[in-house]
Amino acid sequence: MKVKVIARNPDDYVRETKLDIQRVPRNYDPSLHPFEVSREYTRALNATKLERVFAKPFVASLDGHRDGVNCMAKHAKSLSTLLSGSCDGEVKVWNLSKHECVRTLQAHEGFVRGMVVRYCGTSFFTVGDDKTIKQWKMESPGYGEEEEPINTILGKTVYTGLDHHQNDPVFATCGQQVDIWDEQRSSPIRSFTWGVDSFSSVHFNPVETELLASCASDRSIVLYDMRESTPLKKVIMAMRSNTLSWNPMEAYYFTCANEDYNLYTYDMRYLAKPIMVHMDHVSAVLDVDYAPTGKEFVSASFDKTIRIFAKDGGHSREVYHTKRMQHVICIKWSADNKYILSGSDEMNIRLWKANAAEKLGVLAPREREAANYSQKLKEKFQHHPQIRRIARHRHLPKTIYHQTKELRVMKEARRRKERNVRKHSKPGSVPVVSEKEKHVVTVVK
């Protein structure tokens, strides 16, 4: 006689020790779960709400400067080291993990205009209003030693910007012209001019290391090749660019921060129009820096906010502001992609999380899995109106909110005027100019 017995394997439901989690039998047959999508939608909604609840991006404030922070530099080898230069000529070296200043030196008379760490991380360079370029050792002087630069070069004019080559002992400065220097020599090995009286910043391309770009006072962005004797080409825009940042992953792309409240991402091969116009700021954009992944960048503005943009997104995904923070002059994205550092007018350096709701510290495996799962859910349902509304909402200071509104009204009025002019003109006499083409005056080869 056959007896049918329901048999279960104890391994499927018995815990190995009483400290383990209770084992739950799971049947993944989709026909048994008819409401899976609605359940996932609820989870995604809750995950989005919780993300906004836990979005606390501000980590720490580093104070110690006695004047506005004018420039910053990341260490080439150490994640926890930051250098900052202020408007009174003082340079400070910070330990970010301890949130403290480890070294202070009086580098220049007047502003520190630019600073950069050598690619090996053993020394750094500064330029200032006193027409000098100075090279300093990275480690502090020993007991009883004087704080003195390794090397000092006295130039003819004030230098306004500085950048170092990725893997050669070569650096570039800009002022009345763009100069390329060898570290061993006291005069530039090459100088570039192109009918411009002054440059505000110069930057080496991190991928194609022989290329560099600079922003000039005649509203142009000029591209150079160190192997050539003359500049390559320049694009003249409607308003002046303050600085630019190369994409560290894609050799041809750079983003410039403009006075007309926007940022423009260009492909250096086709300068006739930008690939993307990034709008959201309500005042001049003063600095920009790419994330090490090359997928996002962060911008600092005169409107006292910091914004994070996707490299191909027209509007920012995140905006950071505090009541105390004044005009943000310089910004850096840390090399581990986790933090953003901003230096502002009121003498403080602030440390922010790059992802506002991210939990700091070591995550347990289950925490990490839960975070990844909720992230995937948010991506899956990101276009649902309810979820999109919650995810996009940001609290803005009243002044910025009203200025944004006002700018939108002005833009719409200009559009309406253009439409009316076109409507009442001979067909074809008033061409349609796209938003991207509006801001470029001409490209000079």
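Each Cβ is built from the backbone N, Cα and C atoms, and glycine gets one as well.
Curation plays no part in TrEMBL annotations; they are all automatic predictions.
Copied from TrEMBL, the annotated features are:
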- 62-104: repeat 'WD' (REPEAT)
- 278-309: repeat 'WD' (REPEAT)
- 321-362: repeat 'WD' (REPEAT)
- 354-440: domain 'Sof1-like protein' (DOMAIN)
- 413-437: region 'Disordered' (REGION)
- 413-426: compositional bias 'Basic residues' (COMPBIAS)
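Residues belonging to the repeat 'WD' (278-309) score a mean pLDDT of 97 in the model. Long-range contacts of the repeat 'WD' (321-362) within its own chain (CB-CB distance under 8 A, at least 6 residues past either end) are made by residues 50-52, 54-63, 65-74, 79, 82, 84, 86, 94, 96, 99, 286-293, 296-306, 308, 371, 396-397, 400. DSSP assignment over the repeat 'WD' (278-309) gives 0 helix, 17 strand, 15 coil.
Across the region 'Disordered' (413-437), DSSP helix (H, G, I), strand (E, B) and coil residues number 14 helix, 0 strand, 11 coil.
Residue counts for the domain 'Sof1-like protein' (354-440) by DSSP state, with H, G and I taken as helix and E and B as strand, are 54 helix, 1 strand, 32 coil.
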